[in-house]
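Visitor: Structure below; questions to follow.
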Amino acid sequence: MKWCGVLMVALLQSLCCSGLPLYQSELASTADKALVVTMTQVNNLYAGLRLYRVSRGSIKRVVPLGLNTYDLIMNFGIKETDCLKSSGEDPQRCAFRVGFFVPAASCTARVRVTAEFTQVVSLNCGQDSSSSESSSEENFTRKRQQLNVQPFGNRGPVLPVPGFSEATRFPSHSFSRQEVEPQPIPRGDSFGNHLE
């Protein structure tokens, strides 16, 4: 009866696990490989003139997907270095920039690691809360990059062209200057303050 209980516990534990477990030494080398790929992506996509380097990091979760296939969910911090992006240097060998307004960010990444390849599944970086550069949050997302373009931001008022009038442009129509009140269009997503 005792052997039956031990066998049952062993069977239940084996059914709960998928894939082979990562041991501490394997986890460290796998995480290093994932971090190198992630930092390459960060520096290719988001770095300005200078490279970023990891300042701190941790693995939040290991998700086994199959035999020797894992998703690592990592949290890490990055900070700008003295090395220029065009230098081709390894960012981990570069010194951090010193100063009060040095850009820093906190990042979360999901990296798929297999025996053949390492791939960044998702990457999200936001301005570090300890950075004093600004209080607004910047999000860098691999899936969706936002561009802040103001197409009419630099244009001034339209000046009339001499010798050109509305009457010459539309000769069959006469325009009288009337103030037209714009009609509000209900959007359907507003709420009233009364119950029906």
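Glycine is no exception: its Cβ is also placed from the backbone N, Cα and C atoms.
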Visitor: Mind checking which of CYS83, CYS107 has the disulfide with CYS94 in Swiss-Prot?
Guide: CYS83
Visitor: Ten-angstrom check, please: count other Cβ atoms within 10 Å of the Cβ of CYS83 (disulfide bond), all chains counted.
Guide: 22
Visitor: Tell me the coarse DSSP state (helix, strand, coil) of CYS83 (disulfide bond).
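Guide: Going by the DSSP assignment, CYS83 (disulfide bond) falls within a strand, counted as strand.
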Visitor: State the count of C-beta atoms found within 10 angstroms of the C-beta of CYS125 (disulfide bond), not counting that atom itself.
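Guide: If we count other Cβ atoms within 10 Å of CYS125 (disulfide bond), we arrive at 22.
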Visitor: Minimum Cβ neighbour count within 10 Å among the disulfide-bonded residues CYS94, CYS107: which residue?
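Guide: Minimum Cβ neighbour count within 10 Å, taken over the disulfide-bonded residues CYS94, CYS107, occurs at CYS94.
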